[in-house]
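Participant: Below are the structure tokens for one structure; questions will follow.
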Amino acid sequence: MITTFQQHIQAQQQSISEASGTFSYLLAGITLATKMIQAKIRLAALDGAIGAYGQTNVQGEQQQKLDVYANEALLHCLGLKDSVAALVSEEDEEPVTFDRAQGGPNTGKYIIVFDPLDGSSNIDVNVNVGTIFSILRRRTEGDLNASILRPGHTQVAAGYVVYGPSTILVYTAGNGVHSFILDPAIGAFVLSEERMMMPEQGTYYSTNEANAATWPQAYRDYLDLLRSGGLGKEYSSRYIGSLVADFHRTLLKGGVFLYPPTLKQSKGKLRLLYEANPLAFIAEQAGGMAIGHGNRILDIEPEGIHQRTPFMVGSRREMEALAEVLAG
Ligand code: AHM
Ligand code: MG
């Protein structure tokens, strides 16, 4: 018999720290939103839902119509839940917060941080995109912002959905990494693999090589090391330009994904809270590693919700070699 995502979460609740029905109810909001997003994406080219929305987001990027839809779907499906204290999105400059009881205090227990539609520049050409999410527990002391700006090792759960030939959900709640495939016949995410482990070493590197000329020298040396067989394998390159899709391949096949600092983006391009942190949590749970410019991603103390970071993630062998090269 099948195991659905909901059943899996409930069975796990004995062993994970978040042993309450609230947590699975919260995750049900995320899965509903991602089902709405995938349904929209599948029909977008027919419905005229592809193309620019006509505004730029807080990152200064052109918003696509589907970016806006994906963001609204998540805000709608999560905003009604009492357990939610705040929603932090790539598409919104400030966190969205809720006062539940009329005029009463915000009593929600969880903060959900998300990139509603990652890789949306690929939408026009029918290439995979995804949704990334991270769940934090609200702290009892300090204001909401202090609860949001915490290092990634405090995440309660994290995951992503990749909208590819199949719609696949991958998540961790700190007790292994599990993956589910959306079965369109029953409208449910069905367990496909439990306790996924990243291969110790792979044969792919994944990076926007056009930027290599402006990377710090150490990253160019590292690429040379991979290309010259220095790690004992012959590497191939694969780069989609949708982080979720590039990460998903790295998780399954091993290897390394690199987005180092560049001349144009001296602090890196990818966002710490809703891109690097959730994927770093998953990578570590699967036996891999994730670092910024030399430091462990999950230890970075965030200063802003839209903060960027260099982001390198992958198999243990490749990542240890990278850490050595960066350390000189
Ligand atoms: P976004 O679509 O949320 O803005 O995400 C940024 C994307 C990532 O999905 C991807 O890894 C990266 O930007 C690709 O950047 P580049 O085109 O510079 O290689
Ligand atoms: Mg995005």
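Backbone N, Cα and C define each Cβ position, glycine as well.
So TrEMBL lists the following for this protein:
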BINDING   Glu90, Asp115, Leu117  Mg(2+) 1 binding site
BINDING   Asp115, Asp118, Glu275  Mg(2+) 2 binding site
BINDING   Asp118, Gly119, Ser120, Ser121, Asn208, Tyr239, Lys269  substrate binding site
DOMAIN    4-194  domain 'Fructose-1-6-bisphosphatase class I N-terminal'
DOMAIN    198-325  domain 'Fructose-1-6-bisphosphatase class 1 C-terminal'
Participant: So which of the binding-site residues Glu90, Asp115, Asp118, Lys269, Glu275 sit close to ligand 2, that is, with a CB under 6 Å from an atom of it?
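Facilitator: Checked binding-site residues vs ligand 2; flagged Glu90, Asp115, Asp118.
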Participant: Do you know the DSSP helix, strand and coil residue counts for the domain 'Fructose-1-6-bisphosphatase class 1 C-terminal' (198-325)?
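Facilitator: Each residue of the domain 'Fructose-1-6-bisphosphatase class 1 C-terminal' (198-325) counted once, the result is 55 helix, 22 strand, 51 coil.
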Participant: Where does the mean pLDDT land for the domain 'Fructose-1-6-bisphosphatase class 1 C-terminal' (198-325)?
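Facilitator: Mean model confidence (pLDDT) across the domain 'Fructose-1-6-bisphosphatase class 1 C-terminal' (198-325) is 97.
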Participant: To see if you understand the setup: which same-chain residues, six or more apart in sequence, place their Cβ under 8 Å from that of Gly119 (substrate binding site)?
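Facilitator: In sequence order, the residues whose Cβ lies under 8 Å from that of Gly119 (substrate binding site) (at least 6 apart) are Val127, Asn128, Val129, Gly130, Ile240, Gly241, Ser242, Leu243, Val244, Ala245.
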Participant: Taking Cα atoms as reference points, rank the binding-site residues Asn208, Lys269, Glu275 by distance from Leu117 (Mg(2+) 1 binding site) and give the first.
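Facilitator: Looking at Cα distances from Leu117 (Mg(2+) 1 binding site), the smallest one goes to Glu275.
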Participant: What does the structure give for the C-alpha distance between Asn208 (substrate binding site) and Asp115 (Mg(2+) 1 binding site)? Integer Å is fine.
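Facilitator: A Cα-Cα distance of 20 Å.
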Participant: Taking every protein chain in this structure into account, which of the binding-site residues Ser120, Ser121, Asn208 has the most other Cβ atoms within 10 Å of its Cβ?
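Facilitator: Most Cβ neighbours within 10 Å: Ser120.
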Participant: Should we count any of the binding-site residues Asp115, Leu117, Tyr239, Glu275 as near ligand 1, judged by a CB under 6 A from one of its atoms, and which?
Facilitator: Asp115
Participant: Compile a sequence-ordered list of residues in the same chain as Asp115 (Mg(2+) 1 binding site), six or more apart from it, whose Cβ lies below 8 A from its Cβ; state 'none' when nothing qualifies.
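Facilitator: Long-range Cβ contacts: Ser89, Glu90, Thr131, Ile132, Phe133, Arg271, Tyr274, Glu275.
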Participant: Within 10 Å of the Cβ of Asp118 (Mg(2+) 2 binding site), how many other Cβ atoms can be counted across all chains shown?
Facilitator: 29
Participant: Enumerate the residues of the same chain, Glu90, Asp115, Leu117 excluded, that satisfy the criterion Cβ within 8 A of the mean position of the Cβ atoms of the recorded Mg(2+) 1 site; list them in sequence order.
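Facilitator: For the Mg(2+) 1 site the neighbour list reads Asp67, Ala70, Asn71, Ser89, Glu91, Phe114, Pro116, Asp118, Ser120, Thr131, Ile132, Tyr274.
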Participant: Rounded to the nearest Å, what's the C-alpha distance separating Tyr239 (substrate binding site) and Asp118 (Mg(2+) 2 binding site)? Just drop the number here, would you?
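Facilitator: That comes out at 15 Å between the alpha carbons.
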Participant: What are the other residues, in sequence order, whose C-beta lies within 8 angstroms of the center of the C-beta atoms of Asp115, Asp118, Glu275 at the Mg(2+) 2 site?
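Facilitator: Counting only non-site residues, the set is Glu90, Phe114, Gly119, Gly130, Thr131, Ile132, Leu243, Val244, Leu270, Arg271, Tyr274.
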Participant: Would you say which of the binding-site residues Glu90, Leu117, Tyr239, Lys269 has the most Cβ atoms within 10 Å of its own Cβ?
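Facilitator: It comes out as Leu117.
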Participant: How big is the Cα-to-Cα gap, in Å, between Lys269 (substrate binding site) and Asp118 (Mg(2+) 2 binding site)?
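Facilitator: With distance taken Cα to Cα, Asp118 (Mg(2+) 2 binding site) is 13 Å from Lys269 (substrate binding site).
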